[in-house]
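**Q** Attaching a single structure in C-alpha cells format; questions to follow.
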C-alpha cells in the first residue's frame, strides 16, 4: 500500500494520510489535489510511507500539472516555523499556499530582463559597500544615514543576481513604501517587479504563484507574507527598514518576518541584506558577536548635508486655546513656505482627539469591548476604537451622569493639527496621510505623486510617512509631540522613540537645500533627544545594550509570552495563576501573571505570563512540557508569542 501524507493549507491541521493511485508517481514537495471534507483542496506531498493507522483513507485525485512543486528549502522553512513558533503545520502551509492554484491554466507573463539597463554611478563609499557585500558570506546590515543611497546599493546587487538568472525578494515593512521604489526599479531595469501584499486580488495572486513556481517571475517586492512565496531559484533577500515593528505579525501565527526571512535565506543559500538608518538592537548585537556583517554609509548621497535638529521647550510656550504649534515652529513654517519649500508635520496619532471626557463627573469615553479610549474623528463625526474598530456617534450629553454640554475633547490628533494649519496658512495646499486618509496603496501613491510634483505645501502625517520617502523639496519637519511613546512601560520604548524621531527627521533636506527638524517636547532634557540631535546612534545603541544586559533582557536572553484571554476576567486570572503555580522554575524566570497593557480587547480580558531564559535554553521544549501539565478549558484562548516585540 502506497500512502502519502499530504499537508493541506488549513489552520490547526497536521499532514493527513491519502492513498496514492497506482498510475501516479509522486515525490516529496509535489502539489496534489485531494478530497477534504466536502470539497477538493491542493496540498503538498509531505511524506511517503507504506502504511497508515487511519481507519478510512481517501485517495488522491490528481497531481497538479505543469511540474509545480514546493522545493525542499521551503519544506524545511515550514518545519522550522512550526517548531520555533509552536504553530501547526497546516497554518504555516496556508502562508505558502494562500489559495488554490490547481484550477484551469492561468497565463503567466514572464518578467523580461532588459540587459541594456544602465545603473547610475555610485559614490566611492557606495562602491566599497557593494564590494564588501559581494564578498560577504553572512547576513549583512547596510547601515547608513537617511538619504545615503542604501537602495542604490541593493539595486546593484539585484543586477548581479538577475545576470545569474536568480530570483530576488525585496521585503518592505509596509507596501505603501513600494511606490517610489517601484518607479526607481522600472527606471533602472526596464521592467516592473511583482508586488505581493494583502491588496493584490486573488486572481492576480494565483498568477503570481504560478509565475514563481515556473521561474517566470524574477523580482518580487512584498510585505512580510512575501517571504513564504515558493521561489525555486532564490538568490537574494533584501530586508529594507529591518528595524520596523511591522515585520512582527501580531495575529494568527505570531512570527517575526525579518528573522524568518534570514532563516529562509540559510535554507535557500540566498544572500541576506538588511537595510536601515536605525537598525534594531538585536541586529546591532548580532554584528557585535560576529553573527552578521556591517557596512556603514556615513554620508548622504552627493554629500547632501544632514538636517539641523532643534528642541522646542513646550513648557515655556504660551499656547492659545486649541493651539498645538509653537511660535517658533509657526515662524519656521512661514519662512519655509515663503521660500517655496515644503513642510512635513508629524504626529503619530490618528483622528481629531485621543480622548473625550466629562467635565462634571470625570467619565472617560471608552470602548464597550476594549479597555481603550474612544478616539474622536471629526471628519466622520464618529467615536472610534483603534483596536477593535467599534464606532459610535459623538454624544451630546455624558452617558454616565447624563449632564448636557459637559463633554470636552483632550489632546490633538492629526485632524486637529490639519485644522490649525489651515487656519494659520489658508493659502497653502495642505494634505493629510494616515490609515484613515489613505486606505489603499493607490491613494498613497496619489498623495506621494502630488508631493513630488509640488502640489502639496504642507503634508501632515502619522508613522506611515516616516518610512523611506524621498521628497527633494521638503526642508522642514515639525514633530508635534516628540514625547509620545517615550514614557511607555515597554522594554523597547526608548529604541522605538529614537528610531521614529531619527527616521522622520531624515525626510528633511534630501535635495539641494539644507533641512531643519523641530521637536516639540515638554521634557526637553530627555536623553533620547540629545542622541537624536547629535546624530549619535552608536552611543545610543551602546547605552541601550548596557541597560538590556543589566536587566537580563533581549538580546541577552530569550523571552516568550503566554497570553490568556476570555470573557470572564476572574476565570482567566485564576487559570493564569494556576499555570504559574505549577510551572517548573529551574533555569527560567517567570513574571506575572499581569494584565496586558490592553487589558480588554474585542470583549476578551487578557493576561500575560512572561518567561525569560538563557539564550542556549530550549524554550520551546520547556513550554511544551509546561503546557502538558495543565488542561486549558475551552473558554480560555491561549497564545504563545516567541520573541515578543510588545506587551499590549
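Just so you know, glycine gets a Cβ as well, placed from its N, Cα and C.
Below, the features straight out of Swiss-Prot:
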- 144, 145, 146, 147, 148, 149, 150, 151: ATP binding site (BINDING)
- 358, 361, 398, 401: Zn(2+) 1 binding site (BINDING)
- 367, 370, 385, 388: Zn(2+) 2 binding site (BINDING)
- 131-297: domain 'Helicase ATP-binding' (DOMAIN)
- 393-548: domain 'Helicase C-terminal' (DOMAIN)
- 240-243: motif 'DEAH box' (MOTIF)
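How buried are these features, and what lies next to them?
**A** Counting every protein chain shown, 23 other Cβ atoms lie within 10 Å of the Cβ of residue 144 (ATP binding site). In three-state terms derived from DSSP, residue 144 (ATP binding site) belongs to an extended strand segment.
A simple way to gauge crowding: the CB of residue 401 (Zn(2+) 1 binding site) has 12 other CB atoms within 10 angstroms, across all the protein chains here. DSSP assigns residue 401 (Zn(2+) 1 binding site) to coil in the three-state reduction, outside any helix or strand.
Under DSSP, residue 388 (Zn(2+) 2 binding site) is assigned to coil, being neither helix nor strand in the three-state scheme.
Averaged over the motif 'DEAH box' (240-243), the predicted model has a pLDDT of 94.
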**Q** Under 8 Å between C-beta atoms and at least six apart in sequence, can you list the same-chain neighbours of residue 398 (Zn(2+) 1 binding site), or say none if there are none?
**A** 358, 360, 361, 363, 406, 407
**Q** How many helix, strand and coil residues does the motif 'DEAH box' (240-243) contain under DSSP?
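**A** Looking at the motif 'DEAH box' (240-243) with DSSP, the answer is 0 helix, 1 strand, 3 coil.
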**Q** By a simple count of other Cβ atoms within 10 Å, which of 367, 370, 388, the binding-site residues in the record, is least packed?
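**A** Lowest Cβ count within 10 Å among the binding-site residues (367, 370, 388) is 388.
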**Q** Just to verify a number: CA distance, residue 149 (ATP binding site) to residue 388 (Zn(2+) 2 binding site), in angstrom, no decimals.
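**A** A Cα-Cα distance of 39 Å.
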**Q** Report, in whole Å, the straight Cα-to-Cα distance of residue 367 (Zn(2+) 2 binding site) from residue 145 (ATP binding site).
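**A** So the alpha carbons of residue 145 (ATP binding site) and residue 367 (Zn(2+) 2 binding site) sit roughly 41 Å from each other.
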**Q** Roughly how many angstrom lie between the C-alpha atoms of residue 401 (Zn(2+) 1 binding site) and residue 367 (Zn(2+) 2 binding site)?
**A** 17
**Q** Looking at the binding-site residues 367, 370, 385, which has the shortest Cα distance to residue 144 (ATP binding site)?
**A** 385
**Q** At a 10 Å cut-off from the C-beta of residue 150 (ATP binding site), count the other C-beta atoms across all protein chains.
**A** 27
